[in-house]
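Features reported for this protein in Swiss-Prot:
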ACT_SITE  198  active site, proton acceptor
BINDING   164, 199, 297  Zn(2+) 2 binding site
COMPBIAS  603-613  compositional bias 'Basic and acidic residues'
CARBOHYD  48  N-linked glycosylation site
CARBOHYD  105  N-linked glycosylation site
CARBOHYD  136  N-linked glycosylation site
CARBOHYD  782  N-linked glycosylation site
CARBOHYD  818  N-linked glycosylation site
CARBOHYD  834  N-linked glycosylation site
REGION    559-586  region 'Disordered'
REGION    603-627  region 'Disordered'
SITE      296  site 'Transition state stabilizer'
TOPO_DOM  1-10  topological domain 'Cytoplasmic'
TOPO_DOM  32-369  topological domain 'Vacuolar'
TOPO_DOM  391-423  topological domain 'Cytoplasmic'
TOPO_DOM  445-450  topological domain 'Vacuolar'
TOPO_DOM  472-490  topological domain 'Cytoplasmic'
TOPO_DOM  512-521  topological domain 'Vacuolar'
TOPO_DOM  543-642  topological domain 'Cytoplasmic'
TOPO_DOM  664-685  topological domain 'Vacuolar'
TOPO_DOM  707-713  topological domain 'Cytoplasmic'
TOPO_DOM  735-957  topological domain 'Vacuolar'
TRANSMEM  11-31  transmembrane segment
TRANSMEM  370-390  transmembrane segment
TRANSMEM  424-444  transmembrane segment
TRANSMEM  451-471  transmembrane segment
TRANSMEM  491-511  transmembrane segment
TRANSMEM  522-542  transmembrane segment
TRANSMEM  643-663  transmembrane segment
TRANSMEM  686-706  transmembrane segment
TRANSMEM  714-734  transmembrane segment
């Protein structure tokens, strides 16, 4: 009785090991992605997590956007906390300096928008032990630079800002406490920045650039939030050298794919990272929360939805990164020359590739290393396989694509059939069929339930994965049952090699030409496929030579010439030899041969030259050899019996784990980043196609082994596929835990008192939502495409809403309705000089510190009284400005704005003066309160722009 081999290439081991590897690694990836490591019971000296959580609860009690009174209260609290921390450490001004910056302002432009902003930043400078220069010196600074740690303390008008950016703010407070401990004192100067105004246009970071201390740091750590809890990921990094310091974190998390997503605009939101790197010239990191996006900028961005574990995850990452950067005393982050464009010369880093492994290990290497490895593999791998093919041919063991072998000579009219072609085209046909099914499912979802991904991303993933696997198994198993082939595994690997070669070539081009490195998994994918196929080539050296096999066949044919079993095929349904059943030469089946064709034989073969020679040539028969062909898998070619039966498991261990980990990590990150972006106007089709493509990449390594699977696992997956298809097609796409985000704004004509409330959201759903609001009932809805460029896929529905009460009476400070007093909400006056293309406009809004001037035609010049010129900033862009945004640090203060325009093209300058109100804490915006109260449980409001209420008046010069 043959001994059972638990590692042989038979159904039992294949099903067991493949299932264990895939299920185990999928589970490990999901646990890493969906859970957060526990915070320590004994944190490092200087860190107090209980205190940090109390700070977070305090600053997130109310909405606190820049344009709100609650924002001032948060600022006062943070100043008092900073002063308290410094006081308890008994530090003087030479060691730690607190800068209450109420003087810096910035005037700049972006596209057709100009901004004048007055900052209210809080800056704390901890002098490094090896830095002696004064903090604010403009000509003497630390040669090796300092480290900037930034978070913004303003929230949006529709959210409490727990993770955006409350956790970042309390992290900065804890870093202040930590680094002012004597045993933790940094070698390099650390600048802690709590900036105000990030949510509105990255204004706070721009104002920081106007402070002389902004020239001290050369590196930075930016702390942000675009979700509500979970792990803080490394969103992006400027270079490899800086990223290595993040790798010291105990729980690193992230991949360079997110950085490329920012570069290519897949992630639309921006952070202060852009200002610090692109405008100021610093090198650093962007650490941020990223999901769930449905809670981003809503009331669910609160302490209830996050945790102390999440707080510790960001804090520990910031602590490790800052500690490492602050310990560098060399010239790594200093350029050799000073720059005359106002930027800091922080040296030049190298583009990098980085990713974590299960949230514990962080891999970092340079882009040029990736490129070199890609090119090397693309050259070495084909040459190696060509060499192995040549070696097999020299050894007479190249059964690949071999159709027949000759006993005597090539003109033998009845050669031995080898069936080397069998199975060659099988894998691409199966691969294309299975891939077509998952792509079709993507289009099916878009057609019938496009937004199910919003609440059920893992149902979509389960559908795609189970569909691809079942279809691939069905065709593979069917083909194997009809025409078994010992080369099916090897041919599948050859096709995987070809496909991954093409993929790596594309990735290499993008790496070299565009510095896009998100395709880094392709390098490892191709590498493991190359090693696996190389093992299959080496495996063939264990096969008998084709000539010896043919002689064995001839000897057996002579000995059993008169057997009655002359019609059996030349494959091993048992381990016994079947060499007497030689098919004729034209019986070599391929993938395009009919499956119903039998082994046709005629009497002519018995009159062939070989028969005559065998009957009369005793010498030849005596010279022939009988081979031990080993254990042939039932139905497969007899020459394969001596091939090692355990090579497959090495190939599986090469292919599956690395592909699952690297591709699976990218898949989870992209899912988290994109699955709730349709509410922002993103196309769901792109998301479904991305999931389909990643499903194929994840399961393609099963292709060489899938034909050995029994029906049990595929049947289970078929039922999973069937259930998830039905669910994904009929389930409602939103829920209490995954609310559809809709965008609110109220516009008031301050001249007529007319007000319009609008909600912007997904077509058909936003109409249902508005229909449930009492103020909108029995009113005709006007639903149009929004004028916001990034939300063209959405619909805006307008109706006459509840009057806003954003300006209190001067005497009793009681609110009043807009039907009588809106004319006083904002005032403007225009003074036109002697020149026809110049004018000065005085603008003031009551109970606000944010107004705008929107022009019907562009202006060419802008000068705001109190603004300071900065060569780094241009007040007006090259194509002019159509909008000027004005921000004051005090409520109700006027702006004096000088305007210049092209009088030849536009004799008159016209437009609107708009003032904004963003404070939803006091009940002064009843329409917003109504939306929050009456919205269905599956929807949630957010702000669409800087203000919740916009009051306007027309003007003409």
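Using the three backbone atoms N, Cα and C, a Cβ is placed for every residue, glycine included.
Note: the Cα of residue 105 (N-linked glycosylation site) and the Cα of residue 164 (Zn(2+) 2 binding site) are spaced 23 Å from each other. Same-chain residues lying 6 or more positions outside the transmembrane segment (370-390) and placing a CB less than 8 Å from one of its CB atoms are 353, 398, 400, 497, 501, 504-505, 507-508, 511-512, 517, 520, 523, 526-527, 530, 533-534, 537-538. With a threshold of 8 Å between CB atoms, the same-chain residues lying at least 6 positions outside the transmembrane segment (424-444) that come near it are 401, 463-464, 467-469, 471-472, 475-476, 479, 485, 487-488, 491-492, 495-496, 499, 590-592, 685, 688-689, 691-692, 695-696, 700, 703-704, 725, 729.
The Cβ neighbour count for residue 199 (Zn(2+) 2 binding site), using a 10 Å radius and every protein chain shown, is 24.
For the recorded positions 164, 198, 199, a Cα to Cα distance of within 10 angstroms from residue 296 (site 'Transition state stabilizer') holds for 164. Using CA atoms as reference points, the recorded positions 164, 198, 199, 297 were checked against residue 782 (N-linked glycosylation site), and the closest is 297. Touching of the transmembrane segment (714-734) and the transmembrane segment (451-471) is concluded from the presence of at least three CB pairs under 8 A, sequence neighbours closer than 6 excluded. Within the chain carrying the transmembrane segment (451-471), a Cβ under 8 angstroms from the stretch's Cβ atoms is held by residues 294, 430, 433-435, 437-438, 441-442, 445, 667, 671, 675-676, 678-679, 684, 687-688, 691-692, 695-696, 698-699, 702, 706, 714, 717-718, 720-721, 724-725, 727-729, 731, 733-735, 737-738, 740, 762, all 6 or more beyond its ends.
Ranked by the number of CB pairs under 8 Å to the transmembrane segment (491-511), the listed stretches 11-31, 522-542, 643-663 are led by 522-542. Recorded residues residue 199 (Zn(2+) 2 binding site) and residue 48 (N-linked glycosylation site) have their alpha carbons 28 Å apart, per Cα-Cα distance. Counting every protein chain shown, 11 other Cβ atoms lie within 10 Å of the Cβ of residue 782 (N-linked glycosylation site). The Cβ centroid of 164, 199, 297 marks the Zn(2+) 2 site; residues of that chain outside this set whose Cβ lies within 8 Å of it are 155, 156, 159, 161, 165, 225, 296, 301, given in sequence order. Calculated from their C-alpha atoms, the gap between residue 834 (N-linked glycosylation site) and residue 198 (active site, proton acceptor) amounts to 39 Å.
Taken together, the residues in the topological domain 'Vacuolar' (512-521) have a mean pLDDT of 95 on the 0 to 100 scale.
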